[in-house]
There are 2 protein chains.
Amino acid sequence: MINAERFLSDLHHLRSFGASGSGVVRPAYSEPDIAARIWLAERMSEAGLATRFDEVGNLFGLRDGQSLLMGSHTDSQPEGGWLDGAFGVIAALEVSRASAERGGPPVSVVSFQDEEGRFGVTTGSAVWSGGLELAEADALLDHSGVSFAEARARMEHLTSGPVDASRFTGFIEAHIEQGPVLDQAGETLGVVTDIVGIRDMRVTLTGQQNHAGTTPMHLRRDAVQGLARIAVGLEERLRNVVTPTSVWTIGHVSVSPNASSIVPGKVVFSMQWRDGDLERLARMEEVIRDVIGEVAEQLGLALEYGPLLGLDPVAMDTGLQLRLASAADQVAPGKWRHMPSGALHDATNVARRLPVAMLFVPSIGGISHDFAEDTAEADLIAGVETLARAVAQ
Amino acid sequence: MINAERFLSDLHHLRSFGASGSGVVRPAYSEPDIAARIWLAERMSEAGLATRFDEVGNLFGLRDGQSLLMGSHTDSQPEGGWLDGAFGVIAALEVSRASAERGGPPVSVVSFQDEEGRFGVTTGSAVWSGGLELAEADALLDHSGVSFAEARARMEHLTSGPVDASRFTGFIEAHIEQGPVLDQAGETLGVVTDIVGIRDMRVTLTGQQNHAGTTPMHLRRDAVQGLARIAVGLEERLRNVVTPTSVWTIGHVSVSPNASSIVPGKVVFSMQWRDGDLERLARMEEVIRDVIGEVAEQLGLALEYGPLLGLDPVAMDTGLQLRLASAADQVAPGKWRHMPSGALHDATNVARRLPVAMLFVPSIGGISHDFAEDTAEADLIAGVETLARAVAQ
């Protein structure tokens with residue numbers, strides 16, 4: 001039903017923007033990210049789609065009238081894999097082309113901006129779906145202090161106006177699993193049942209920087225020591241409130257002045273946690289704030305919390321799920337499953353405006369957010385074929 | 001015996017190089033550091049001193065024949081105070097001028113390079129005194145990956161040849177205490193008895209970077225978690241082998257890829273410890289390597305140690321100490337003391353070649369390695385006066 005060669009050739013061309021080894025370095029609003037979006041807009045025009053960039057740089061390729069929206073994102077992590085987001089966008093482009101060629105149902109295509117959270121969390125789709133006010137987004141800073149407003153101004157010359165969600169009947173996002181489940185089970189496809197919720201906030205600990213040779217241990221207010229006690233304390237204290245699928249991560253750490261002969265006066269770090277249950281997310285937050293507060297107290301550190309960003313758990317639309325499930329059963333009989341998504345996706349935001357569903361293909365070794373990220377070509381093609389059949393139904 | 005106005009005016013002019021608020025940003029081989037050394041060379045020439053830059057950028061101002069060497073360093077911490085090193089260098093310049101004007105004993109002046117350890121530990125004086133081979137020093141990297149060889153090449157055009165230690169009869173370094181002892185006791189001067197030893201090494205922990213949403217906690221190899229367990233483990237395990245004056249510090253931390261949605265795959269951190277007793281330094285090293293090794297084992301992290309840099313504890317020359325003590329007793333009767341130096345200084349290296357001694361003036365609030373670092377003007381002048389009298393004896 002699809003043109004696999006055309007799909008693969010576009011997917012590999014997209015990989016060339018910000019290419020680094022086998023991976024990509026294409027963070028939101030970087031030069032390669034913007035160049036990739038301009039290239040994608042050209043492919044969309046070739047496919048007869050009307051292209052539109054909205055005010056935050058989300059790129060839409062539109063069919064006239066009512067249509068089904070498909071897509072994902074083309075920005076990457078600071079050190080990202082070549083398929084994260086890219087697969088879903090190029091798969092959507094191919095399905096839109098193939099369906100049009102068959103005179104099938106109209107399919108529009110989207111690449112959302114800053115899904116990887118250089119600023120907030122899935123920022124582009126959050127603004128588009130109304131989950132995040134633009135003014136609020138504009139105030140967000142990346143880890144080097146650049147504001148979202150400054151960053152999106154780099155795409156201002158491309159902006160061609162807003163896109164109303166009411167023109168779409170639903171949204172389907174195809175994505176690599178980014179986890180080990182399908183790969184370990186030797187399966188080809190995963191039909192997503194729901195997406196876990198996420199919470200993310202920046203924490204600043206301020207102590208007293210001083211000479212590392214003349215400041216006795218008992219007089220120190222060492223911010224790195226504070227971070228250490230928090231990380232170890234969370235290991236112990238969160239165990240009691242979480243399930244095996246709950247996760248928490250300190251992924252970003254910035255130390256000042258960051259010199260080996262100075263007691264560190266300040267640490268800024270990211271605190272992120274995820275769970276499928278809304279109440280559990282709240283209980284985890286209580287424990288996290290308790291532990292951080294207690295350590296700050298013990299060490300005499302000043303404590304400051306950034307805004308609590310995040311998204312609630314989201315259930316997929318049963319109707320769209322069913323169409324994906326029956327298509328999956330045709331393409332890979334006995335080699336697909338229903339499963340939750342531990343990763344956050346743009347579909348989480350779009351669910352505020354439209355019925356949404358997601359389809360996963362395996363990640364080799366479960367590796368993602370890493371240059372080594374990859375998926376077998378046959379599985380990529382099976383994914384696109386499944387999307388095409390789900391649309392044709 | 002000295003010209004206090006001339007001394008203060010030079011000290012404040014030096015402060016203008018790399019000035020930032022009340023402090024200075026003048027790391028070794030930075031533009032402001034090199035500019036400050038060129039300015040200092042001009043002051044030396046005015047004072048009738050023959051100036052010489054050696055191959056690593058140490059700046060000497062030489063009297064003919066045999067002379068007493070005095071000085072310290074003019075490079076600063078990434079965020080440094082205005083007196084750390086600068087006081088000792090300008091004090092030496094003033095004492096050399098004043099002694100010459102009185103027809104007193106000849107005093108040469110030095111500003112050593114990279115005392116603050118952008119690369120190693122007191123790198124410039126370590127190379128000059130033969131404690132560190134130049135080839136070895138050239139291979140050292142700063143935290144951003146620049147090599148010592150690349151950095152010192154920035155001063156190549158200034159190099160005017162080596163300086164033989166045999167022309168000097170001894171070395172006296174004046175310095176701010178950088179600790180709270182004199183300030184809390186309301187005293188003016190400290191005659192140093194010995195300098196504690198230091199050990200410094202870089203540690204690299206490598207785990208597996210992966211998606212922070214889809215990687216279950218029990219499958220993670222999180223390098224930041226490793227750092228946290230090490231820092232907390234050292235708090236507990238070192239207590240048994242140290243004294244109240246022993247210190248250890250994790251002052252530099254670098255996380256990769258350092259993004260909030262990625263389980264951190266790699267952490268590089270600095271591990272530094274100091275003590276007055278050689279055997280205790282070795283016992284501390286055993287405990288440190290044990291704890292780091294055990295944590296790496298627990299979390300499945302690859303472990304890599306950089307070279308172990310450091311300096312052994314050093315006793316000050318009794319003859320020079322006595323001259324400083326009797327001068328101190330004239331300048332500040334009842335307001336001076338004998339004391340150890342918890343901070344490392346160039347004198348530690350110079351002791352390999354010459355008899356050395358040190359004189360401390362108070363640090364207000366014990367604050368150093370911080371923009372807020374300061375000393376009462378009267379105490380600064382008392383320090384220079386004491387040096388002048390010690391020389392005249």
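Positions of Cβ are set from backbone N, Cα and C atoms, glycine also.
For B:His73 (Zn(2+) 1 binding site), the Cβ neighbour count at a 10 Å cut-off comes to 28, with all displayed protein chains included. Annotation source TrEMBL lists Zn(2+) 1 binding site at B:His73, B:Asp84, B:His175.
TrEMBL lists B:Asp84, B:Glu116, B:His369 with the feature Zn(2+) 2 binding site. In sequence order, B:Ser76, B:Gln77, B:Glu116, B:His175, B:Ile176, B:Gln178, B:Ser368, B:His369, B:Glu373 are the residues of the chain that are 6 or more apart from B:Asp84 (Zn(2+) 1 binding site) and have a CB within less than 8 Å of its CB.
According to TrEMBL, the feature domain 'Peptidase M20 dimerisation' maps to B:197-297. Per-residue pLDDT, averaged along the domain 'Peptidase M20 dimerisation' (B:197-297), amounts to 94 for this model.
Neighbouring residues of the recorded Zn(2+) 1 site, listed in sequence order and excluding B:His73, B:Asp84, B:His175, comprise B:Ser72, B:Leu83, B:Gly85, B:Ala86, B:Phe87, B:Gly88, B:Val89, B:Glu115, B:Ile176, B:His345, B:Asp346 (Cβ within 8 Å of the Cβ centroid). Within 10 Å of the Cβ of B:His175 (Zn(2+) 1 binding site) there are 29 other Cβ atoms, across all protein chains. Annotation for the binding-site residues B:Glu116, B:His369: lowest Cβ count within 10 Å of the residue's own Cβ, B:Glu116. Using a CB-CB cutoff of under 8 Å against chain A, the binding-site residues that qualify from B:His73, B:His175, B:His369 are B:His369.
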